[in-house]
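Peer 1: One structure coming up, written as structure tokens, with questions to follow.
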């Protein structure tokens, strides 16, 4: 004699299954809605972002905060990449690269720390910086064109890099246990992006060594951020400064980047070493590369932003 199933029991089971299915679908949709959306979907497209805030960082540097499309958007910038800002000034197209000081953990906004080069201040650049002065003139609510991600280097974690020799070449994998960095002025922003990405992962064994060059002590941007990271991760991050015009009680190096500075504060040449460079072209070409040559760092051990 077969087992007869009660219609009431079947109905109850059906309702239960529908309820469970509904809960599963609802949970999936909630998780999906909470997943951050990416702003930079196409590196060839321009995205208009609105200025939210502008604050003074130092005597010649400001932090610009731009709103992303929604509070749940991230910029969508891989570590190692940068963005371009573009605008027309006096009828001419002006494009400049920048690396945000925020990351894709920050939702709803992106921050840029930029030195404002004013007209008539520097004798070599009497007109000042076109883009930086334009940004400084913006009012809250004004929009700027963003484009990206751009760049030849990507950090994928735990010492692994993908580096393109040029824009048309495929990326080549590179592994570094020790990361040397030489930055000048606002060239610190891509370094800080990378340092933060490495240090926030306890399992990342990469050691970071930064030599940061500036003209005067008041020109050192993001110093508090760097010194906080050094204090928090003393075994993973080493920080050293050099100034062209240091104060009397200066505890770090003086003058342009030299071979001795590199030897003392960056990892020695080796297959597990990568040295990153970002700063004014004269510093990179006339001070950094010749001294790296002198100390035996091969071209494969270097990358210039």
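Any Cβ shown, glycine's included, is placed from N, Cα and C.
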Peer 1: Of 8-28, 29-49, which range does Swiss-Prot call transmembrane segment?
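Peer 2: Feature transmembrane segment in Swiss-Prot: residues 8-28.
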Peer 1: Reduced to three states, what secondary structure does DSSP give residue 198 (FAD binding site)?
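Peer 2: Helix, per DSSP.
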Peer 1: Under DSSP, the domain 'FAD-binding FR-type' (44-156) has how many residues in helix, strand and coil?
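Peer 2: Taking each residue of the domain 'FAD-binding FR-type' (44-156) in turn, the totals are 8 helix, 57 strand, 48 coil.
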Peer 1: Taking 10 A as the limit, how many CB atoms besides its own sit near the CB of residue 198 (FAD binding site)?
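Peer 2: Total other Cβ atoms inside 10 Å, all chains included: 23.
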